[in-house]
Each structure stands twice: as structure tokens, then as C-alpha cells.
Amino acid sequence: MTTRFNTYHRLINKPLVVSIIFGLIGLLGSMYSLRIPFGDFHLNMIWSIAFPLMVTLTYGLTFGLLSVTIGLTFLYPFLLGFMNGYGSFVAMIALYAWIFFHGYGKKRRELKPTLLNHPYVIQLSYSVLRLLLYALLFQPLVQLNPPPWNPEAYQTISSNIVWYFSIRGVFMEMILLLIVDTLLLLPLVRKFFGLKTAPSSRYNTRVLGGFLGGGLLFILIILAMQHTLIDEVPLQTWLLPPNPKTALTLFLSSFLFIIMAGVTMRYVEKTLTSEDALKETYKRYQAIFEQMHDIYLELKTDGTILHASPSIQSALDMNEQALIGTNFCQLFLDHGTGKAWMEELDQRGGFIEKKIMIQTKAKETRVWSIHLKKVQLVEHMPRLIAMIRDVTDYEEAMDEIKRLNNDLEQRVERRTADLNATVEALERFNYVVSHDLKTPIRAIDAYAEMIYEDEQDTLSKISLKSLTAIRHVSTEMIHLIERLLNYARISHMRPKKESVDLNQLVNTTLEQLAASNKHHPFTATIVQPLPVLDSDPVLIKQVIMNLFDNAIKYQKETEPLHIEIDQHDTKDALTLIISDNGRGINQHQQEHVWELFSTSHQDTKGTGIGLSTVKRIMEAHGGSVSLFSKQNEGTTIQLSFKKSAN
């Protein structure tokens, strides 16, 4: 039951009821149309069809068609043009076309208003169609008369009459559109239709009443002067009641004044909308002006204060009214500063930015940041605008930050100096210890060698084997200490750069390693000629020697070692690329290979110093080193040297 009621309520709603009622008014009102004799015919001014048009412009195409159809307005041509017979169908088709054009135009305007879907442009398009309908259909349909409902209908009609019918209709419907468009501007009409009413339309009813009342009164005065004073016609003859001529004059004048009122209402609405927007903008900016913390001052060119923002109260403990009329320069501790600013303002093109010390009424010193600009607010009356921000807290905070930064820098310098001293002490200690360790270890090695040579016939095999082990360990210790000493020396060395032919350096190093590693043969290939490098020849040879030595040390037992040397030259850097097909390095160990004493293979006799030395030398040259390796697939090391700006 509730569902049926809701469905019924949706169907029988206000737009539907209004549409039907306005359609019936359109039909019944046509009986009271203004009829103008024209030979054997009458031209009807059908004002009532404005009601279905109003429904269409308000509710849309669907309700417009309902108003014309269910409200029976479509029958008016058959009532007023009873003698036209079948020719009345042309007026009916034109009515439906009129409603359709404006209903479709309303739908398009709701999506996107454009010039093409403006009501007046649509009316012009429809007028062309109306003229074509009458020109092509009216006379042929009249010739089909008589129809069943009127055996006496006209069977012929002059083309001039048809033309007049067409022009009358175009003229009448354009006037009705203008009137409806005007009426829809009235707040009462919009409220009746449930449309949104803008505040700017508040005077529209008065404007329409003034135009209509005043205009008709003016027309009556003119008619009275013409009939009474000039034609000497009694009042009851032409006005009480009005004769056809007077009625037509008043009727058409009413249309004219309504249209004039519509134009005026739109102008007034636009003016009021602009004024309301201006007032709203003024209120918004006034609220911002009254609540802002910064200070705004408007000055004459001599520094006299004309306006001040309320924020001056909190800044200076002074009312803005007390400040107006005083001179801007009086705010400064040094009055001469303000005068100098005025002179500087002209020299700098009308804008300066300064910081100044001022004193409040309570004798408190504050720091102001002032932007002073010359502007042309009033014609031929230049003004100075001062935007002032109290930056006392900011300045105090910046001073504190500077103090903290200075303190921090001093602490960093002290700690850096302490750290450098500690590092240098450790490196000296490392050098001394390493140097001092060499002497006893060499003595141990010498004594072991002497015992071995002198007593090898009397000692047992176990003792001889122990002596050999002692000598071997001593040799490794001496080698390790020498590497450490070399690492320590490099830490203090500064590269002595000169032109180094990498081709020659690499070939010489390979020859030396091949001679000292006859039990570990290898092959090497230089892919493309290597460039001349600006570097320290001793240190760079140490880098290449260490890398080649590592490749030989960690070669596979199942595959001959092959070393490949290549280079890549770019705009900013030169990269030397050394690759081998050795054992490779486990991915988890790669990040530690540059650390001192770190070895990637526990089953070899590496010291863990070679790659650390390589990294230090590259950093001393301002370059970098990177490693790419896969277990059992080999290793690639890239030495990148930055090019000099020259």
C-alpha cells in the first residue's frame, strides 16, 4: 500500500499539477485573445500560450509536452481558427515544435550554457521552421477542406494572408518569450516554481511594477490628451469601456513595458551582483586587515601617516587613531633614519626593504622588517605603503642559532683535532710496532737458519720439520709487517702526479708477476690501448700489482687464469677495468673486502691488506674503486679516475 502511495505521489507532484493547470489556462485563455480584423479573417494575439512555455522553461521538455497535451492547449488552433479546418494542424504542429525547441534548449543549457542554446537564439531557429511550415503546408491543407467538424471551412486562402499569419505568429511568440523570460526573473514567480532566488533579484518586482504602472499611466495620459483635447472625444467613448483601438494600444504597450522591465531587471541584477560581490570582498579583506599580525601603514610622500591597521595596537601599545597624522619617521629611535629612507626610496625606483630598531610606548626596543613602496592609489596623488613585520623573536632566535652553531663548530674542531691526533698516534704506534717487530722476527729466522745448517745431521726429522715451520712462519710475519708498513706509509703520502703511460705500466707489472709466479702461469689481454693517466706512478703501480697479485692468488685449480684489461672513457671520468676468471667472491663477503685484514678466502694465505691499500690509493687520487664478482665465475674491478677541469 505504501509503495503504491509513493508511486502515486511521485506522479501527482507539483510540477505535473502546475503543468496541467497551465496547459488548461493556455487553452481557456485563448478564448480571450486579442482579435484584430484583417479583411475576411482575424489575426489573433494569443497571449495564453505563454503558460505552457513558462512550464517548459522552468521544468523542461517533458512537462512542457504534458502541459500542451494533457492540458489540451494543442486544441486552441481548432477553436480560434475554426474556419481554417485542416489548416489548423499547422498551428498545432508549430506549437509542439515551439515547446520542443525550448525544452531541448533548456536541457542543453543545464549541461553547458552556450550562445547556440540561448533561448533567443533558439527562438530565431524555431521562427525559420515556423515560416517554412506555413509556407509549405498551410495552403495545401486548406485546399483539403471541408473537414468533418466544420463543413463550412475555407477552401481557399490568399498567400498574403498566410504570410501575415506566419509573421504574426513569429512576432507574437518572440514577444511571449521575452515576457516569460522577464516574469521568471521575479522572486515570487521563481518561488512558486521552486527555483533558486538570487539576492540580487530583490528589486525585480518593484522594477516591473514601476515600468508597467508608470508606462501605462504615461500611455493613458497621451491617449487622454489626444482624444479629449485634440479629437474632443468623450471619455466614456474611448476608455469607459476601452474601445478596440485603446485596448490594443494598452495591450501592446503592456508587452513593451514588460520587455523593457526585463532588460532593466537584468541590468539591475548584474549591478547588484557586482555590488554584493564587492561588499563581500570588502568584508573579507577588512576581516583579514583587522586580524593580521603584520602592520599596514599608508603614508603621504612626506611620511605623514594616513591609515594604520589595528595590529599597531599590539605592536606599539598605541591606538591607530592616535598614530594618524603623526610622521612615520617619529617611530624610529633615530629620526634621521626615516628621512634618509625617503631619499633612498626615490633613488631605488620606489621600493626599499629595511630592518630598523624602534621603541614602543612602554620603552621596549623591538626589531621591525619594513617594506616601503611608492604606489599610485589616487589619481595624481602618490602614496607610500609600509608593510611592517615584528621580527624581534626571529632575530633573537637567529642570534641564538648563530651562537649554538659557533659553539658546535668549535666543539667539532676540537674533537676533529683530538681524533686526528689519536689516529696519527695510532698510525705512529703501528709503524713503530711493525718496525720493532721485524728485528726480533728476523733474529728468530736467522737463528733457525743457523741451527738448521749446523745441526741438520744430528737433529731428528721432527726437529728439522719444526725448524722449517719456524722459518716459514717468520717469513710470513716479515711479509705481513712489510705490508703493514707500506699501508701506514701510504696513509701519509700525497700523490705526486705526473703523466703515466698505463700501457707500459701494465705490461711491466705483468712481466714481473709472470717471472715471480712460474708455478702459477696465467695469460693476460689488453682489449684496447690504455690512455696516459695523470697520477702517481709508484702508487698506481702498487694498485695494479695488488689487483693482479690477488687474481693470481685466487685462481681456480681446474682452469687456467686469464686476466683482461680494458678501459672506458667518458666526459667526466676514466675507468680502468680489470677482470679475471678466478674463484670469485661470495656476495655476502663483498662488502667487507675493502676492510683491513679482511680476506674473502680462508683457505689461502692472504693478509687482507692488498685491497685496503688499493682503496686508500684511489681515494688519495680523488677516484673510487668498485667490485663486481660471482662465486666460481670471476671478478671485475673498476678503477675510476676523475678528469681534471682543464
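From the backbone N, Cα and C atoms, a Cβ is placed for every residue, glycine too.
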Scan 391-418, 615-642 against TrEMBL and say which stretch is down as coiled coil.
391-418
Would the transmembrane segment (120-141) count as touching the transmembrane segment (46-68), i.e. at least 3 C-beta pairs under 8 angstroms with sequence separation of 6+?
no
Given a Cβ distance threshold of under 8 angstroms, which distant residues of the chain, six or more beyond its ends, lie next to the transmembrane segment (120-141)?
85-87, 89-90, 93-94, 97-98, 101-102, 105, 157, 159, 162-163, 165-166, 169-170, 173-174, 177
Below 8 angstroms Cβ to Cβ, which residues of this chain, lying six or more residues outside the transmembrane segment (74-99), approach it?
26-27, 30-31, 33, 44, 46, 48-49, 52-53, 56, 61, 64-65, 67-68, 126, 129-130, 133-134, 137-139, 141-142, 144-147, 149-150, 152-154, 157, 169, 173
